[in-house]
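Asker: Provided herewith is a single structure, encoded as structure tokens, for subsequent inquiry.
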Amino acid sequence: MPRSSRMNLWPHCFPCFDDGDRSGNRFSTVCNFPDDLLPSLGATAHQPPKLRKYLVSPYDPRYKVWETFLIILVVYSAWICPLEFAFLRYLPSAPFVVDDVVNGFFAVDIMLTFFVPFVDKKSYLLVNDPKKIAVRYLSSWFVFDVCSTVPFHSISLLFNEHGHDLGFKFLNVLRLWRLRRVSSMFARLEKDIRFNYAVIRCTKLISVTLFAIHCAGCINYLIADRYPDPRRTWIGAVMPNFREDGLWIRYVTAMYWSITTLTTTGYGDLHAENAREMLFGICYMLFNLWLTAYLIGNMTNLVVHSTSRTRDFRDVVQAASEFAARNQLPQQIEEQMLNHICLRYKTDGLKQQETLDVLPKAMRSSISHYLFFRVVQGAYLFKGVSSRFIQQLVTEMQAEYFAPKEDIILQNDSPSDLYLLVSGAVDILVFLDGTEQVYRRAAEGELLGEIGVLCNKPQSFTFRTTKLSQILRISRTKLLGIIQENREDGDIIRSNLQQVNV
């Protein structure tokens, strides 16, 4: 077959392939049980965990709002802390007041933590003993939380009139310890199916990059500001009186240097002028190597994950086309192959059967009853049988999609499965005098191959779809097993089969 005719088959496959995200953005609710909290085994499993008096549940919506509010304060601290450390020799009154207010909120959170139960990592049970809560907190993050909340600037005023001692400024940087809350927040959001994973991941990468740029620019400016000769600094070489310029000009200049260095643009207009700046530049560029590798690795993983199914799809379709051309298969068979591959990839993306397989049998039975009970009950073969028999039947059935012009059962084959047409269209074909003729068209809700399955003889017709069809399938072994368990229903089925085929 000419290559041009084979290439014309590609448009019939690609439109039905959707590689979009089907995860987080389609869910409006999440599991209604708290993270990491599992009930114990045995008779006590039904007993809900009881909180002691004055304790605050970590899953209380009000506590969640409090944690979200603290995240906003952490973002503020992450921005203002390096800025104060580098640019503000004499801390203005406004940031000083705001910092004390923010420290007050985190001091309240420290006290509140002594009244918040925690989940034990070994038993996965909620520990609500106040003594155990206190011991755990005192032996873990308590010291760091206190150090990040102490108002070191106010303490420095006792030793220095303006409070710009460099040692106390270093201690004030301990407020960056609060960033661990942001890391925990991103880890929690990445597991939340209500949010798109790729968006959360990209937001995290952008946040890390912006914070690194901000800190590097502030530190580099601090080195220039503390250098004895201002003109022999990276900023003093182009702005001799940079200390007299406004805060905004100096901050933008520092961020400009940081970004051009991080991106290895290196225009050369701002560069190190002394040994201190050279040493910091070396350290910053070495850090940039790690940061760039981290960013590229994460972005590559996101892109590869989103395009891997498309790549696999193209490879399989190309292999099928080459196989058909190499073996000179008829165009009809090649179309069936490509349509089947296209449909298989689309249904694999839906992951319907995989979703059902991971569920308990009782839950699968409820879902099957809701979806297929009335369809199976309406088939002529099962008229008059008990509801229990129909329920057993639909539980064992599997829903499949068949592409147009795909053969379900071939004439003279002994079918091993019974099929039920749910939706779509199927032609019943018969070979007469060497030609294929349409005997009739099967209606929705009609059984296919029941005579061959129940009578164990070759099928008299070929069943071929004419458009995309949804079909229920059950194996002959499972069907006969259910009939043997329900002998009265088996007699009804035998009677229905004889009446139709008399």
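Glycine is no exception: its Cβ is also placed from the backbone N, Cα and C atoms.
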Asker: Hey, in Swiss-Prot do Tyr137 and Cys202 share a topological domain, i.e. the same side of the membrane?
Answerer: yes
Asker: Choose the correct range: of 253-272, 353-372, 393-412, which one does Swiss-Prot annotate as intramembrane segment? Give that range.
Answerer: 253-272
Asker: For the topological domain 'Cytoplasmic' (117-138), would you mind checking the mean pLDDT of the predicted model?
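Answerer: The average pLDDT of the model in the topological domain 'Cytoplasmic' (117-138) works out to 84.
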Asker: Does DSSP give Ile471 (nucleoside 3',5'-cyclic phosphate binding site) helix, strand or coil?
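Answerer: For Ile471 (nucleoside 3',5'-cyclic phosphate binding site) - judged by DSSP and reduced to three states - the answer is strand.
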Asker: Let me know how many other Cβ atoms fall within 10 Å of the Cβ of Ile471 (nucleoside 3',5'-cyclic phosphate binding site).
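Answerer: So the Cβ neighbour count for Ile471 (nucleoside 3',5'-cyclic phosphate binding site) comes to 22.
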Asker: Report the member of Leu381, Val426 (the binding-site residues) whose C-beta atom has the most other C-beta atoms within 10 angstroms.
Answerer: Val426
Asker: Under 8 Å between C-beta atoms and at least six residues away from its ends: which parts of the chain pack against the topological domain 'Extracellular' (273-276)?
Answerer: 223, 227, 229, 232-234, 236-237
Asker: Indicate whether Glu396 (nucleoside 3',5'-cyclic phosphate binding site) is helix, strand or coil by DSSP.
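Answerer: In three-state terms, Glu396 (nucleoside 3',5'-cyclic phosphate binding site) counts as helix.
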